[in-house]
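Per Swiss-Prot, the features are as follows:
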- 1-102: domain 'HPt' (DOMAIN)
- His45: phosphohistidine (MOD_RES)
- 233-488: domain 'Histidine kinase' (DOMAIN)
- 490-618: domain 'CheW-like' (DOMAIN)
Amino acid sequence: MTTNMLDLFIEEASEHLQALNDNLLQLEKDPTNGQLVSEIFRSAHTFKGMSATMGFQQVADLTHAMENVLDEVRNNRLAVTEHLVDIIFTCTSHLETMVSDIQHGGQGAADISKTVADLEALLHPEQETDTAVEKTYRIAIQIEEAAILKAVRAVMCLERLAEMGIISETTPDREAIELEEFEHSFEVVLETAQTKEEIEAVILDISEIEKVTVTEEVEEVQIIEPIKKAAKQTTKRLENKTIRVQLEKIEKLMNVFEESVIERARIDEIAEKTNNKELMEHLGRFSSISKEIQNGLLNMRMVPVDSVFNRFPKMVRTLAKELGKKIDLVIEGADTEVDKIVIDEIGDPLVHLIRNSVDHGAETVEVRRKNGKNETATINLKAFHSGNNVVIEIVDDGAGINKRKVLEKAIAKNVVTRAESTKMTDSEIFDLLFDSGFSTADQVSDLSGRGVGLDVVRNTILKIGGKISVESSENAGSTFRIEIPLTLSIIQSMLVATSERRYAVPLANVAEAITINPADIQHVHGKDLINYRETIIEVLDLGECFHETPLTDTDELLLLVVKNAKRTFGLIIKDIIGQREIVLKTLGGFFSESQIAFSGATILGDGRVVLILNLETF
């Protein structure tokens, strides 16, 4: 078995599993939809064939048992019930685990005996059934030459045949047929329990069909042919539209480009020092070209948030059943694109927030009825672009957050005093939820409420330059809003100097730079404040924040006014070096989770390493 074959199997298996889960969720809402049943059967059938071909026998056995049940449903001998859907979902969970095992070098081994027994029980084996044997037919269909809409007639034929069984091949392929890229005839390979006569009758019932020839095919067992065929079809499809590239290759290319940005910065400094205008002119043109390359590379790394969102419908369904709740998960903006690196970081925080909404937000059916609500709770998961950020919102119509309970817990843990609590805004109260170990759950549940979640969620979001906020109204619901950058690689920044070091400040956070008189600074309750455009803002000495010598002994101070998600404030600095496009490098294990004042570091043209401030932590 080659690595390419295994990679293709993993990729195809993941796609079929996602299709199974998506269609099962729809079937649960529309149990009489025969087309959905056919789609689910087709996915299971293909999965079985792929697994058997690759030698993963347990996977093949489980999908074969699934296929038997689905075939009974497809032929109206078994009804779609909640119990049946539950068992099929259990199967897909097993399959996900088995495919993961294969991906990590295993053989997909798992204890599936109980699940297979549950599937067999659905079939009532004690009752004799007259099940027709499926056969494979090659069907040649010829459309009348005078037909005006050949593609329409051909697609109608394909849809009718799909209702009768599994279409394993079309010549030409489906896309070419839909685009009318064929003469007057095409061929279909169909697996079905129907007879030749029944197939012919169905096709000839469609107008403008001139001739149908149905020939039974003898199936040849070939060990690797199905996978080769899939690879051939995939290659043909990709030649026309796309090409799949491993993320590692894009990362290597991006790293090389990032080095070129650093080298360009060095040449910029040389050009400035030598005042070489011709070199500066060429560098300007080179910068434009670099920008296009950068945009192209970043676009290659953009993936839809659906790659994370698609795991949640099944998760919410499972958790809701465990808790005896009725919950609808509504997803909006699943096609919103964001950097693959960012996507990889936000998966776990979103899992925790959605589990929180299911566990603490959504009420039981009885409580919702008592409060005059629809017995089914709704959780909305939304994604949309906002400037250079992607916004993700988790909105529920549940119980909301009890502010009094939050404050009492905070006072008990000495996070705030009772006097301070009386002056706190709603936003400040909800921010307490993100303190380490904070939880208002009456009892610890298996899902959440252990007080080890929301602080980790916030720290993860902050580490990627994002921010998180909460809005809530008791008995009306809560909204958790996450803003994350589109990409983490290259950012526009303002380079500033303190008494001892240089720092990079993301340009998106900078409002303006002004000079102030030290006498204008007022000391109130341990904070330094100034009047900025008729608003009182806090002033921080940036160097002093990192144990450097303060700059307050001068006659005039340079103040960089910056904004984060919560507030506007000022940073006292020694000098502004200038605006730079910088490459953001992560700090890895150099800083612990509690030291998140920096989102990363960069290398300047002169070789200096500069830390990049994460102003959301100030």
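Just so it is clear, glycine is given a Cβ too, placed from its N, Cα and C backbone atoms.
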Run through the Cβ atoms and count how many others sit within 10 Å of the one on His45 (phosphohistidine).
22
List the helix, strand and coil residue totals of the domain 'CheW-like' (490-618) as derived from DSSP.
16 helix, 70 strand, 43 coil
In the domain 'HPt' (1-102), how many residues does DSSP assign to helix, to strand and to coil?
87 helix, 0 strand, 15 coil
Over the domain 'Histidine kinase' (233-488), what does the predicted model average in pLDDT?
83
